[in-house]
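Let me begin by presenting the structure, written as structure tokens, before commenting on it.
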Amino acid sequence: MQSVRSGLRFLADLVGALLLAAMFAAFLVQVFARYVLNDPISWTQEFVLIVYIWIVFWGGAFLVRERDHITFDMIFEGLALPARRILAVVLTGLIGIAFLAALPGTVDYIAFMAIEKSPIMRVPFDILYSIFGVFMVAVVAMAGLRIKRLAGRRWQEELARNAGEEP
């Protein structure tokens, strides 16, 4: 199981790195065309914006660990461990339920966006914004996995891991 998780993590990191490299390459092409050739290229700006959207949601879905997110946890950290566990389950459940409830409407709207295309590269908007649907599914799945870990025998390790402590 650990090797599968490591492989998926490597794949997610690789996709993120390739997206970042593609964005940087397009940026360099634009700088070269604009300042060396004195002939700006229009597609590079749109490409960079599209890839940036994908980097943000890909990273949020698969690369950024929960403990790396910015949190306001002064009250949470002041609670006893059993109370932290209950609060973590409730709040994680609320986030998962909210994203799950919004998922059908979001997927429907993303599918509806197929009728429009980006102005320069003509990329259908449903493809462009499909990463947001992937992000939402990942948030729901991660919420479910966290609740499962918090319901297990090693729930204290889960709380410690998300606090950035060694379990």
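Using the three backbone atoms N, Cα and C, a Cβ is placed for every residue, glycine included.
If you check TrEMBL, you get these features:
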TRANSMEM  12-35  transmembrane segment
DOMAIN    23-147  domain 'Tripartite ATP-independent periplasmic transporters DctQ component'
TRANSMEM  47-65  transmembrane segment
TRANSMEM  86-107  transmembrane segment
TRANSMEM  127-145  transmembrane segment
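Confidence annotation: the domain 'Tripartite ATP-independent periplasmic transporters DctQ component' (23-147) carries a mean pLDDT of 90 in the model. In terms of DSSP helix, strand and coil, the domain 'Tripartite ATP-independent periplasmic transporters DctQ component' (23-147) has 101 helix, 2 strand, 22 coil. Within its own chain, the transmembrane segment (12-35) has Cβ neighbours under 8 Å at 41, 44-45, 47-48, 51-52, 54-55, 58-59, 62-63, counting only residues six or more beyond its boundaries.
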